[in-house]
């Protein structure tokens with residue numbers, strides 16, 4: 001059979017055009033919308049996934065959306081502590097954070113992880129600006145404890161975000177920038193705490209009145225009975241999620257709590273998606289199928 005290079009090229013071009021056209025209704029729907037994206041998991045370790053994520057953020061911005069990135073950096077913090085010969089300890093799933101450890105957390109999150117992502121985004125133009133929860137009073141934290149065997153246990157300078165002042169982020173959005181937020185935050189006395197990036201992202205999405213919260217993780221979405229692959233949930237509402245929370249795997253709880261807080265606080269939809277898939281954010285925002293698990297306000301999930 002004779003090959004037809006021209007026909008093959010046209011066929012490939014037509015396929016690309018159909019992909020672009022599929023995005024049209026979503027471009028119309030989300031033009032001008034704010035999307036808060038929690039960056040974490042393999043997406044912030046694998047070099048190819050890092051590059052793809054940065055491209056996604058630039059694509060969103062140039063397509064008329066306003067992405068806001070919130071990131072943690074657990075693996076990088078652990079690696080730096082080991083490099084410095086400092087002992088790392090976890091209690092009840094939380095990192096024990098001494099003042100010395102907090103210095104490392106601050107250095108790694110804002111000075112390493114945040115700067116790297118800002119640099120990757122800015123390879124495509126002067127879009128990204130790094131900031132932390134300390135800047136312009138963005139986050140205020142309250143110290144928290146861990147629970148071990150039913151008992152409250154001190155874990156040092158670990159906090160929950162209790163208030164958000166989004167003015168500085170809104171200023172950057174209005175200037176056409178992509179804010180990249182490191183999750184460290186002072187308490188009312190100015191003592192800086194390490195705060196969970198998932199819950200910080202949920203709080204920021206609520207405060208910004210975002211259209212979407214997107215949380216990257218290392219699984220396909222929410223499983224009600226992990227590791228049973230058939231228990232993957234693609235869509236549920238806030239009431240359904242709240243009922244499931246006590247039985248979820250510990251690593252998924254803060255992500256789903258962030259989604260719950262966001263939709264309870266007025267964000268129309270929140271998503272947990274597989275960050276191991278390159279360009280998963282674009283697939284979520286601009287395709288009909290979407291990816292991962294979508295959380296909706298109460299009364300709008302699948303029954």
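Placed from the backbone N, Cα and C atoms, the Cβ positions cover glycine too.
Residues annotated as substrate binding site in Swiss-Prot: 73, 74, 95, 194. Per Swiss-Prot, the feature site 'Transition state stabilizer' maps to 38, 255; the stated evidence is sequence analysis.
On the structure: features taken from Swiss-Prot.
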{"residue": "38", "record": "site 'Transition state stabilizer'", "CB count, 10 Å": "33"}
{"residue": "73", "record": "substrate binding site", "CB count, 10 Å": "25"}
{"residue": "74", "record": "substrate binding site", "CB count, 10 Å": "19"}
{"residue": "95", "record": "substrate binding site", "CB count, 10 Å": "21"}
{"residue": "194", "record": "substrate binding site", "CB count, 10 Å": "26"}
{"residue": "255", "record": "site 'Transition state stabilizer'", "CB count, 10 Å": "27"}
Task: Output field, substrate shell: CB within 8 Å of site CB centroid, site 73, 74, 95, 194 dropped - done: 72, 77, 78, 97, 105, 108, 109
Open item on the list: Check the DSSP secondary structure of residue 74 (substrate binding site), expressed as helix, strand or coil.
Closed with: helix
Task: Inter-residue C-alpha distance, residue 95 (substrate binding site) and residue 38 (site 'Transition state stabilizer') (nearest angstrom) - done: 19
- [ ] Find the longest CA to CA distance in the recorded substrate-binding set 73, 74, 95, 194; express it in Å as a whole number.
- [x] 12
Task: Distance from residue 194 (substrate binding site) back to residue 38 (site 'Transition state stabilizer'), taken between C-alpha atoms, in Å - done: 16
- [ ] Give the distance between the Cα atoms of residue 74 (substrate binding site) and residue 255 (site 'Transition state stabilizer'), rounded to the nearest whole Å.
- [x] 15
- [ ] List the Cα distance (Å, whole number) between residue 73 (substrate binding site) and residue 255 (site 'Transition state stabilizer').
- [x] 15
Task: Rounded Cα separation (Å) that holds between residue 194 (substrate binding site) and residue 255 (site 'Transition state stabilizer') - done: 16
